[in-house]
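As annotated by TrEMBL, domain 'Homeobox' applies to 40-84. Look at TrEMBL and you will find 42-85 tagged as DNA-binding region. Residues or ranges marked as domain 'TLC' in TrEMBL: 87-288. Look at TrEMBL and you will find 96-116, 136-155, 162-181, 220-239, 259-280 tagged as transmembrane segment. Residues or ranges marked as region 'Disordered' in TrEMBL: 296-340. What TrEMBL lists as compositional bias 'Polar residues' is 314-328.
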Amino acid sequence: YPVLIQLFLGNSCRFIARPCAINLGIQDSGPHRAQPNAILEKVFTSITKSPDGKRLEGLSKQLDWDVRKIQRWFRHRRNQDKPTTLTKFCESMWRFTFYISIFFYGIRFLWTAPWFWDTRQCWYNYPFQPLTSMLYYYYILELAFYWSLMFSQFTDIKRKDFLIMFVHHLATIGLITFSYMNNMVRVGTLVLCLHDASDFLLEAAKLANYAKYQRLCDAFFMLFGVVFIVTRLGIYPFWILNTTLFESWELIGPYPSWWLFNGLLVILQVLHIIWSYLIIRTASKALVRGKVSKDDRSDVESSSEEEDVTSNSTKGIFSTSSNGSNRLNGHVASGQWTGE
């Protein structure tokens, strides 16, 4: 199933997302390429991609280049290996397609489910609860998708929150598998649907950003932030954790895997708090600057042409992060939001 999803989504990117991006004017061109230089290339490939001050001074004397020019060279060299805006648009497009499809599928299925309206129904007659075909396919699709994310995380765009996302995928796969094996699929569907509620909004914001629809991007991001915080810090602990921690204990009593199951759910809640902090920090900057400026999980490293002609007096305006490429289609100076 994960392989089939990857194949399907890969074809979707090729035949749907790519033409859409091209029609929106998104070019398949990468960031500014570094000027060919054998000495610097050898340092970059064999020694370090981010030389310290002492090495920069040595290279400056050896090449008779200004230190800032060498810094720009290494920045461009790092960025030229990063994916293009078109590639990132296609990645967000297939994620958006899956998230919105699976969310509305889950809502349609759960709307008529009794445990959607009364969480105590998750534990009545447990573990002798029927597994319907719609519930089965809902679970299998979600599990396959997260397995595909686990595999593709090592080849997709690298981001600051790589480790957090890796833990998230492990916890999610563990929860889906564990709940399925123990027939806790009713509460599992609630967790899955709740998490899908905000994900497609984030991908929509990134799509708008890549297409340079800044106001639409800001609106989607703010809506995403509200939905994320309400669902992950409000509904999740007071609805989901309440039924798994207290109602399950009351109705079916303690069971051997109770601690493991709830431990994984609590790990997810800790991750929700971390992400909510990042979202709130981004939104706070947006209120000050008048627009969403930078997602703190961003893979951005400033490399715009504009910076190349900026004087030393502007140092600090364009910050760099640990990895990644320009995610603003060349609009770093305008302070736009950079996406995930």
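From the backbone N, Cα and C atoms, a Cβ is placed for every residue, glycine too.
Any TrEMBL annotation is an automated prediction that lacks curation.
Confidence annotation: the domain 'Homeobox' (40-84) carries a mean pLDDT of 81 in the model.
Across the DNA-binding region (42-85), DSSP classifies residues as 30 helix, 0 strand, 14 coil.
Outside the transmembrane segment (162-181) by six or more residues, the chain places 139, 142-143, 146-147, 149-150, 153, 187-188, 191-192, 195, 257, 260-261, 264-265, 267-268, 271, 274-275 with a CB less than 8 A from a CB of the stretch.
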